[in-house]
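J.: Take this structure first; my questions come after.
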Amino acid sequence: PRSPKDYIVDPRENIVIHCEAKGKPHPSFSWTRNGMHLDIDKDPKVLMKPHSGTLVMDIGGGERAEAYEGVYQCSAHNELGTAVSNSIIIRQSRSPLWSKERISPIIAQKGQSLILHCRPPAGLPPPIIFWMDNNFQRLPQSRRVSQALNGDLYFSNVQPEDSRSDYICYARFPHTQTIQQKQPISVRVLDNKPTEERAPVFMVPSESVSSKMVLRGEVLEMECVADGLPTPAVSWVKHNGEIPSGRASFLNFNKTLRITDVSEVDAGEYRCIAKNRHGSAQHTIRVTVNAAPYWISAPRNLVLAPKEMGIITCRAAGHPKPSIRWLVNGLPIEDAPEDPSRSVEGDTLIFSEVQTGSSAVYQCNASNQYGYLLSNAFVNVLAEPPRVLTLPNIVYQVIMNKPALLECVTFGSPVPTITWFKDSRSSMLEGNAYVFHENGTLEIHMSHPSNSGKYTCVARNSLGLSENHVYLEVKEPTRILRPPEYRVVQRNRDVVFECKAKHDPSLVPTMTWLKDDRELPDDERFRVDSDSLTITDVTESDAGRYTCIMNTTLDQDSASAQLTVVEAPPTPAVIYEQPGVPTDLELTDQEARSIQLTWIPGDEHNSPIKKFLIQYEDALHQSGVWHNLTEVPGTKTTAHLKLSPYVHYSFRVLALNEVGFSRPSMPSRQYRTSPAAPDENPTEVKGHGTEHNNLVITWKANGPGLQYKVMWRQQDMEKDWTSVSVANVSKFVVSGTPTFVPYEVSVQAVNDYGPGPKPSAVIGYSGEDFPSAAPGDVRVLVLNSTLAEVRWSPVSPESVRGRLQGYKVQISSRHVTFPSAPSFFKVSTFDLDSLMLEWGPPYERNGRLTGYTFKYQTGEETCLLEELDLPSNQSSFTLHNLPHSTRYKFYISARTQRGAGPTLTEEAVTVLDRALSVTPAFGNISSSVSEDGALISWEYWGPEKHLYVEYIIDNSDQDWQKEKVNGSQFHVLKGLKKGLAYKVRVVARGHDDRAVHHSEELLVKVPAMVSPQVDIATQGWFIGLMSAIALLILILLIICFIKRNKGGKYPVKEKEDAHGDPEIQPMKEDDITFGEYSDEDHKPLKGSRTPSSGTVKRDGSDDSLVDYGDSGDTEFNEDGSFIGQYSGRSDRDARHDSSKPLSPVNAMNSFV
């Protein structure tokens, strides 16, 4: 990705910048802003999350987001080195108001070109522009009228229908979700002068040649808008090259050429040509492609033993060529302490004779004027004796004549050397029969029974050795000895397919049958035995290809045979013929609009008559033409016929049986009806389109000599009907319609005597057009040599532009064979919890390479953890977030359309050393005990979704009890025994229920039951005692009062005034002083009011843990305001509820 990273934040939301690092010891974090150290403690609105470098800037209390704009960079430090992040630019989104302006009406002559300028205010990010009318309906656009990339509305030539007073340009600002509009523009088109047609002239661009620069990987957009009458058509060509069909699209009625994922091959000259019948114009756009830096080879972590040498390379490409700059622990390498074991040669760091204690994190910065790349690489100087990480005593099973791969995964510094022995340590394995891979794996090309046995791998370096034992078993292959044979069977007979096979006696076989490469039908007629398939009562649908497959855990074999089903020999059949001709047609019950017809049926000829068809001829209007009138069942010989006015009828009858229709009967006598207005309207009224801009209305005529009133209107869009009258036709075409929109359509019959009844409307759609988009994300999965599965993403309904009838899958095939194995395959440590896999294409592709199949598994489990399909143009892949000190086995094979080739195997291990590693996934775990139970709360940053709270009685040997957490960060443990202490922890588990992370253990004490206390105030003796004391005090007061009246005055008041009681002296305002760290900070001042809730609102410097312990989930309105601000929470709660930030900036930075 390009750097620095630019983030635009909503001024109504808190700003969160993520910074996470892994290290052992756990790293500390620091930030810079605009190149200067950022002191977190000086700004109470900025805090850093515990055990993390993530910054949270609280601007929810009215702080201006502009104050926090700038370029931020995070650093993570521990005793082994310093890692730094990319620069992160924080800017506030802005949606300025449209400047007020008065727009004069525009008057244009018909046929002239016209530009309506939008000129929206510059926002951050830029707004999205669209044109609508006063009813908030988008203005229709076409080849003649379209919106340019800058938002202006261009008319190649104006027409009278363009006259309107509500051309309104709207600007939508994405971050604030606000829409602002420009003042409406009024356009009036005059049609008072002759219009002269003209050749095209480009309105945009205005000059004949222009140039455009685009960066590699971005989107190139070029546009050409032409003036002309009639409206010109625009086309595009590339000089001395082709426009890339897979990445190019023509938008805005061919006026815009858009190329995605631009590369250097897209540079060159592009020409847009505008043509109409009066001439053409062309414009040349010279495109140059530059590139921000991109990695060719990013620096990787390096583990060296003391006195060893090694190199780190940092290769990046770009245009212009990037410059390479090295840093160590975040400082330019030239300013870092000198290290004689280190030297720089351009894009390479060379280490020689490294010393213990010289571990450090190196940064490579590749930059040019369009961006930069920054990557951290940890150089760890380590001395470790060999360790074999492969599990001991693994048994490998392989089929005879197949390759065998025996693993020996090791770790050590210096890198250990591996040697292999068989059965005993007396002789080392060597020779052409064996291949010794760099990762320690032993490969046997062709396995034979003699290769079975015990194998020992020995790992050595200068600090010691380690060994491991594995076992190899070579099995007999599975073979079908008697395959099924081709069978021809008569219908309703039984058929048996045999399939006998042999296999290694130590393997368990499974026999499977397929029909046409699919599962057998779920039919009890199919019976599968141990070595045969029986089909009883065979039908035509059972014909096909049947395949038997013999499977074991290591291999399989298959064979197929065809089943053909034929008819049994036919028996002599009865002769069937069409019915005889009906006779003796007679007309009775003559009415003005109806008549009854009777007849005598002809011979059935061994097939019962199913129905009679009655036809009529109109001698007045269509003599000699017979029309179907009605049908009656074959059991009837009478029909009551409804008639139309002003028709000279003659009738005839045809009979139908299983063989077909009889010959028509002789016509009946003629019957004439009187003229009248139509009493019914045409039937089978339909509306459909034959072109993308028309609607064809058709109907079935209901009588001769009629006219038809054809009516239509756009459904839900037009209130008034448009109508036209036609005669002697049964079709009318409405031109100039939008593409595939619904219309209400009706047809009314009319003659000289008046119109027919009010017709009912039917819904029809105008014409369809070709879909404007093809399905995307087309994927092909080859299931076997004759079956492939094709998947794709459906197109949007708007782009169908008609009724979606389906998708056409085009297949081109050619004869291909399996590819050979990839030319190489290696696994290296990309990170402390990541592995980098690299491979090369096969030397023999044997067809078009369609991709790679990649699988991996851990050494502790035999089931595959993951299987990935990788594209054919990929040659490396990185696995992230792997458990530490875990061995992995990897398999890769190349695929063509025919299938996958041989598999290469590699292995690697993730090791946790003293270098930077995974930060704790849990933090801030706490507990509180109430009558409902023990409330456990925590913070969790890991990816795993399955969390459990586990607990056990302290100092007991019982198993841990666990309760699952449903997506929250707190849980209440109920049913704990009172008076006991419990150890509690939170555990994150993977999909295999294996613990991946767990928190530190917490000791929770449940208080014992308190014995009930007796309320002394309710005891009778206490009430009596208090009453006696009150009476005694009253008597003493009376005696004192009597004595005082007898003894004269005593100057008590004067004494009090002279000496003063300090307890009741009034406080002067000047005496009120407050120390900066006074213990009285939270006491209410004299005269101040206590909040109605009975609590005193804390000021912003109070860091009481109560605020954090009692904070709950915070909800927000759509506009970003707190829903909880009226729920009794303090301002401090709102400011410090950082567990769910409103809209965090996704600026995650990982360090190695």
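Cβ atoms are placed via backbone N, Cα and C, with glycine included.
Curation plays no part in TrEMBL annotations; they are all automatic predictions.
So TrEMBL says this about it:
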type: DOMAIN; residues: 1-85; note: domain 'Ig-like'
type: DOMAIN; residues: 96-186; note: domain 'Ig-like'
type: DOMAIN; residues: 200-288; note: domain 'Ig-like'
type: DOMAIN; residues: 293-380; note: domain 'Ig-like'
type: DOMAIN; residues: 386-473; note: domain 'Ig-like'
type: DOMAIN; residues: 477-564; note: domain 'Ig-like'
type: DOMAIN; residues: 581-676; note: domain 'Fibronectin type-III'
type: REGION; residues: 665-689; note: region 'Disordered'
type: DOMAIN; residues: 678-769; note: domain 'Fibronectin type-III'
type: DOMAIN; residues: 821-914; note: domain 'Fibronectin type-III'
type: DOMAIN; residues: 919-1009; note: domain 'Fibronectin type-III'
type: TRANSMEM; residues: 1021-1042; note: transmembrane segment
type: COMPBIAS; residues: 1051-1071; note: compositional bias 'Basic and acidic residues'
type: REGION; residues: 1051-1152; note: region 'Disordered'
type: COMPBIAS; residues: 1102-1118; note: compositional bias 'Acidic residues'
type: COMPBIAS; residues: 1129-1139; note: compositional bias 'Basic and acidic residues'
J.: Counting Cβ pairs under 8 Å that sit 6 or more residues apart, are there three or more between the domain 'Ig-like' (200-288) and the domain 'Ig-like' (386-473)?
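T.: They are not in contact.
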J.: Counting each residue once, how many in the domain 'Fibronectin type-III' (919-1009) are helix, strand and coil under DSSP?
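T.: Counting residues per DSSP class in the domain 'Fibronectin type-III' (919-1009), I get 0 helix, 51 strand, 40 coil.
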J.: How about the domain 'Ig-like' (293-380) with the domain 'Fibronectin type-III' (821-914) - do they touch, taking at least 3 C-beta pairs under 8 Å (6 or more apart in sequence) as contact?
T.: yes
J.: Where does the mean pLDDT land for the domain 'Ig-like' (200-288)?
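T.: That region's mean pLDDT is 93.
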J.: What does DSSP give as the helix, strand and coil breakdown of the domain 'Ig-like' (386-473)?
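T.: Tallied per class, the domain 'Ig-like' (386-473) gives 3 helix, 48 strand, 37 coil.
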J.: What counts of helix, strand and coil residues does DSSP assign across the domain 'Fibronectin type-III' (678-769)?
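T.: Residue counts in helix, strand and coil order: 0 helix, 48 strand, 44 coil.
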